[in-house]
Amino acid sequence: VGLLDLELNQLTKALFLALVALSVVMVTLQGFVGPWYRNLFRFLLLFSYIIPISLRVNLDMGKAAYGWMIMKDDNIPGTVVRTSTIPEELGRLVYLLTDKTGTLTQNEMIFKRLHLGTVSYGTDTMDEIQSHIINSYSQVHSQSSGNSTSSTPSRKPQSAAPKVRKSVSSRIHEAVKAIALCHNVTPVYESRAGVSGETEYAEVDQDFSDENRTYQASSPDEVTLVQWTASVGLTLVSRDLTSVQLKTPGGHILTYYILQIFPFTSESKRMGIIVRDESSGEITFYMKGADVAMSTIVQYNDWLEEECGNMAREGLRTLVVAKKSLTEEQYQDFESRYNQAKLSIHDRNLKVAAVVESLEREMELLCLTGVEDQLQADVRPTLEMLRNAGIKIWMLTGDKLETATCIAKSSHLVSRTQDIHIFRPVTTRGEAHLELNAFRRKHDCALVISGDSLEVCLKYYEHEFVELACQCPAVVCCRCSPTQKAHIVKLLQHHTGKRTCAIGDGGNDVSMIQAADCGIGIEGKEGKQASLAADFSITQFKHIGRLLMVHGRNSYKRSAALGQFVMHRGLIISTMQAVFSSVFYFASVPLYQGFLMVGYATIYTMFPVFSLVLDQDVKPEMALLYPELYKDLTKGRSLSFKTFLIWVLISIYQGGILMYGALLLFESEFVHVVAISFTALILTELLMVALTIRTWHWLMVVAEFLSLGCYVASLAFLNEYFGIGRVSFGAFLDVAFITTVTFLWKVSAITVVSCLPLYILKYLKRKFSPPSYSKLTS
């Protein structure tokens, strides 16, 4: 349920109280004579038009129309509206919480850096790695073919004496082999068109050529790494549940049997694999993962942390790769304990993790890889536009602090001139207190904080922290878990009471998208989980600008106008009924008979009132050029108790004028009071729609004339309805009377008196306090 619906509910409650009060007043003025409670209920029914029942129908149809317009907008192709009840929320957002990978960035990885501790390779020096790989494999193969008796490669002595400092060549060899083996990637081959008929031969003569191969994996990082090893000469050619096959630069196929595989989880932040080399029988445990997880597992070294920081500052995503050689006995011992743990009934996951951890000790650090993820198109101008629109942007990401900061700067989430306050890691209440005080002294600076520090701050100083963070122009939370993302959204809603919007592209953003008032999903590389869970699904981040500035604005403004107009429509006819009853000694007699009442809310006024959903106050180009206009919407001034009371006063004025005018002017034709007042009422409604509209659309003009035509046509055959009460004076509606000049003159006079003052007031208001958008369009 959107905020607008809640506001309209409040106003409807106020209208209900007005209905009860009016009925009680009527009965009191009657003097509680006779069965007064019966009269009370008759008045409640007579005035029941005050309650805008058609409001829900009109609004829901309007929302469906907005959804259709969003999906048909050629400037944001591929946008899907999955929740048709909250398009107005898009016009009132104050906080936008966004994911980084795949949302601000493309999720298309490029391998940029391989670091071996003493030597680092960038994109321009990849050919050196290639030559090292070619050399090391040609040596291995020449030796193994030389002594055919023992097919063990000559690297065997090295594993026995790890103290010997390895040459750069063998270290590159080890690192590349580790990257080529430690993953969850499957090579897929497209079968050629010719072999579609003979499927049994398709397996045999499948095309194992490089052009025909594509890699499939759950994360694009892994595919990039495997594609990179292929580019330097070690190619993954096939993989099944039990083995992996690599092709060397010389064209030989190496087979490794998979003994165990430990998949990546967001808790462990690492993955491992145990393989046995077919030719030598060596068992090796390879592992790769985030530096936080791996730094405690690998042997002591002095460069890992520093290099990770350096790469992160360049905006690269880092992975640490390590290995451990196992003897047959060590592996058998591990396997028996592992299987035992998998069979336990209680705390199985904990026990399995403990057994795996027993292996994850003192591993040999092989290398550090850096992969770049490029920004999406037009992210910078879009973020700038949102910031100018007064929307505060929070980036919640699982990445490292340095990478997140780097992307925040390059995407202009944090402008170049702004200071960045990096929240030091805190673990205790005292540290959090000191750090918050340090942060409080800084003004207008962006905040960067890690998930762990955030937990501590929220535990002890929730209110203070949120208050400070909300004043920041931008906030970056790194190392955030999916539940933390959702928690932050709920905090903002709870503390600020403002509308929040979450945007993400992967399964890890679903909890945040569902917690926010308005969720936007991007269809990206990580599947459609986010896009299906969200209220709106878009194809690129840059589309969010138009979605909020243009469609959000229009939906909110239109629904506000439509809602208030429908309320005015009910109030005006109830006012006329009240005036009529009070003139006739508070008789609880209906002024208009059945069909007129039904026709009034439907066929006579439905089309023009509903055509308000086509109204727009600002052209889309203007709204995008001046995003500052969006700030006015978040104050919620288009629909408030103030505007509602103005409409109530208009209704009472017009209803009173229409009824008194008809009663004053009817003189001898008392019979015709219904015809005169109802005709004037319909004309007033049509003129009021014209007064409310800000930009005309040809359909609006059609709707106005169509409704007028329907009314004139129905006058002919509804004559018995234009009488008063159940008293029958014969035919009330003389066609002769309608066509007289008197009738036309009286109706016109009443209508002019009811509408002209409002037109004059509107003109004066536009002249002396014009809305901000009209200053731009003039």
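Cβ atoms here come from the backbone N, Cα and C positions, even for glycine.
According to TrEMBL, the protein has these features:
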type	residues	note
TRANSMEM	14-34	transmembrane segment
ACT_SITE	Asp99	active site, 4-aspartylphosphate intermediate
BINDING	Asp99, Lys100, Thr101, Glu222, Phe264, Lys288, Arg317, Thr397, Gly398, Asp399, Arg479, Lys485, Asn508, Asp509	ATP binding site
BINDING	Asp99, Thr101, Asp505, Asp509	Mg(2+) binding site
REGION	140-167	region 'Disordered'
COMPBIAS	140-154	compositional bias 'Low complexity'
DOMAIN	532-770	domain 'P-type ATPase C-terminal'
TRANSMEM	566-588	transmembrane segment
TRANSMEM	594-614	transmembrane segment
TRANSMEM	644-664	transmembrane segment
TRANSMEM	670-691	transmembrane segment
TRANSMEM	698-717	transmembrane segment
TRANSMEM	737-761	transmembrane segment
Binding-site residues clustered about Asp99 (active site, 4-aspartylphosphate intermediate) [Cα within 10 Å; pool: Phe264, Arg317, Arg479]: none
Position of peak Cβ density within 10 Å, selected from the binding-site residues Thr101, Asn508: Thr101
For ATP: widest Cα to Cα gap among Asp99, Lys100, Thr101, Glu222, Phe264, Lys288, Arg317, Thr397, Gly398, Asp399, Arg479, Lys485, Asn508, Asp509 in Å: 26
CB-centroid shell, 8 A cutoff, Mg(2+) site Asp99, Thr101, Asp505, Asp509, site residues removed: Thr98, Lys100, Gly102, Thr103, Thr397, Gly504, Gly506, Asn508, Ile522, Gly524, Glu526, Ala530
In contact by Cβ distance (the transmembrane segment (698-717), the transmembrane segment (566-588); 3 or more pairs under 8 Å): no
Distance check against Asp505 (Mg(2+) binding site) for the binding-site residues Phe264, Arg317, Gly398, Arg479, keeping those with Cα within 10 Å: none
Closest-packing stretch to the transmembrane segment (644-664), where packing means Cβ pairs under 8 Å, from 594-614, 670-691, 698-717: 670-691
Asp509 (Mg(2+) binding site) and Gly398 (ATP binding site), Cα-Cα, nearest whole angstrom: 10
Contact ranking winner - 594-614, 670-691, 737-761 against the transmembrane segment (698-717), Cβ under 8 Å: 594-614
Surrounding CB atoms that lie within 10 Å of the CB of Phe264 (ATP binding site), all protein chains: 19
Within-chain partners of the transmembrane segment (594-614) [C-beta distance under 8 Å, separation at least 6 from its ends]: 49, 54, 58, 61-62, 65-66, 558, 561-562, 565-566, 569-570, 573, 674, 678, 681-682, 685-686, 689-690, 692-693, 697, 699-700, 703-704, 706-707, 710-711, 714, 718, 721-722
Same-chain residues at least 6 apart in sequence whose Cβ lies under 8 Å from Asp509 (Mg(2+) binding site): Asp99, Thr103, Pro482, Lys485, Ala502, Ile503, Gly521, Ala530
Cβ neighbour count (within 10 Å, all chains shown) around Asp505 (Mg(2+) binding site): 31
